[in-house]
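Structure, as structure tokens:
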Amino acid sequence: NVFIWFISIGAFCIPLYIPYSLTGKWHLGRSLCKLWLVVDYLVCTASVFNVVLISYDRFLSVTKAVSYRVQQGAASSPVVKMVAIWVLAFLLYCPAVLFWEHVTGCSVVVEDQCYAEFFNNWYFLLCASTLEFFVPLISVTYFNVHIFWNIQKRQR
């Protein structure tokens with residue numbers, strides 16, 4: 001999963017962003033812009049969700065070790081979890097990146113620029129940021145604090 005993220009960022013996102021960053025203009029067309037935005041948002045969001053999944057997995061293995069080992073079955077397969085992470089990451093931003101201008105009826109992005117149509121929509125950004133940043137932040141903090149407390153109790 002991390003390998004997919006590194007390859008996507010290193011081989012696709014960064015090489016397309018460098019000329020855009022240096023010139024301030026997007027010369028690769030609207031379709032490649034949308035693809036670049038989808039891949040960029042997707043892999044970044046998936047990496048955040050993967051950190052939450054790893055923290056949750058460690059939380060269960062430390063705080064509920066016996067029941068956690070018993071429940072290891074098909075539903076808790078790492079492949080199923082990884083696919084779920086990528087699907088959730090896709091659903092958070094990609095429909096908005098791909099269809100925002102069709103739903104609103106117009107594009108706000110200047111022809112030689114490449115950024116998401118929702119870039120200035122405060123309500124969407126608040127909701128998406130809550131799901132991509134604040135919920136993971138609170139979740140990872142909760143999981144890791146409980147892991148720490150559980151280990152501290154064991155050492156006494």
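One-based numbering along the chain as shown.
Glycine residues also receive a Cβ, built from the backbone N, Cα and C atoms like all the rest.
Pulled from TrEMBL:
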DOMAIN    1-156  domain 'G-protein coupled receptors family 1 profile'
TRANSMEM  5-23  transmembrane segment
TRANSMEM  35-57  transmembrane segment
TRANSMEM  78-100  transmembrane segment
TRANSMEM  122-149  transmembrane segment
>> If I count Cβ-Cβ pairs under 8 A between the transmembrane segment (5-23) and each of 35-57, 78-100, 122-149, which range comes out on top?
In response: 35-57
> Mean pLDDT, the domain 'G-protein coupled receptors family 1 profile' (1-156)?
Replying inline: 89
